[in-house]
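A short worksheet on the structure shown next.
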Amino acid sequence: NERECECLPGYVGNGVQCLEKVEPPVDRCLEENGGCDPVATCSDLHYHANTAGVFHLRSPEGRYKMNFTQADIACQAESATLATFKQLGDAQQLGMHLCVAGWIEGGRVGYPTRFPSTNCGDNHVGLVMYKDPVDQSSKYDAYCYRLKEVSCSCPQGYVGNGDFCNGVLTSVLATNGNFSIFYKLQAALKALAAQRNSACAATMGAWHCDPHATDMAVARFHTLPLPDNERTVIRCSVMASSAVVRSFQNLGEV
């Protein structure tokens, strides 16, 4: 009589080997945009990878060049750790297939397979594990684990690292729902620039005008009421004030 083996509920495999059934990772971007700025694009790299944070690592010297200690150090150099048996099993269930032996946690050696092959684990599907104990000085590759980060990127028209996104001054004001504020600011800056140029030209000549005279324009900008739902904080540098005036002058000519 042939022996029949069946995995218990919550496990997958052929009965000879049963792996704990993987719980697919949850997309962290679904909750509070993954910690990114509300206007940023969030991408959960751990969720979208089909290996649940497990990756194969080979020595720069070539195939099967690391003993257990070297494999452990190599994973740490990648800000990772040697994968556990469960982590490698999760990666296999999510799609990882590599017919390459590698070290994992505990000084064990194995590799994940997704389909049967006579040249790869003798048709075994799951985790092909070498018999324990494995000589720790033997040379193999490594399977490491690292929790991938959430990627945040600001949309066009914004600047920042994704964690925080600030609108470019002209883009934010031009697309603001309250267009009257935009035109009030534009008119105020133009008027102050004209007053400055006129006063300078009449008294000292255009070449002697104080480039910082438009500080008044910046102050005037901060007195304008922005809508309550406008999140973007716009900062105007004193040294860049004349450039702000030129920017709005150019907008008015378009």
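The backbone N, Cα and C atoms fix where each Cβ goes, and this holds for glycine too.
Annotated disulfide bond per TrEMBL: Cys75-Cys144 (among others), in sequence order. In the structure as shown, the Cβ atom of Cys75 (disulfide bond) sits within 10 Å of 24 other Cβ atoms.
Feature annotation from TrEMBL assigns disulfide bond to Cys99-Cys120 (among others).
According to TrEMBL, the domain 'Link' annotation covers 53-146.
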Disulfide-bonded residues compared (Cys99, Cys120) - highest count of Cβ atoms within 10 Å: Cys120
For Cys144 (disulfide bond), nearby residues of its own chain (Cβ under 8 Å, 6 or more apart in sequence): Val54, Phe55, His56, Leu57, Ala74, Cys75, Glu78, Ala80, Thr81, Leu82, Ala83
Tally of residues which DSSP labels helix, strand or coil - the domain 'Link' (53-146): 23 helix, 28 strand, 43 coil
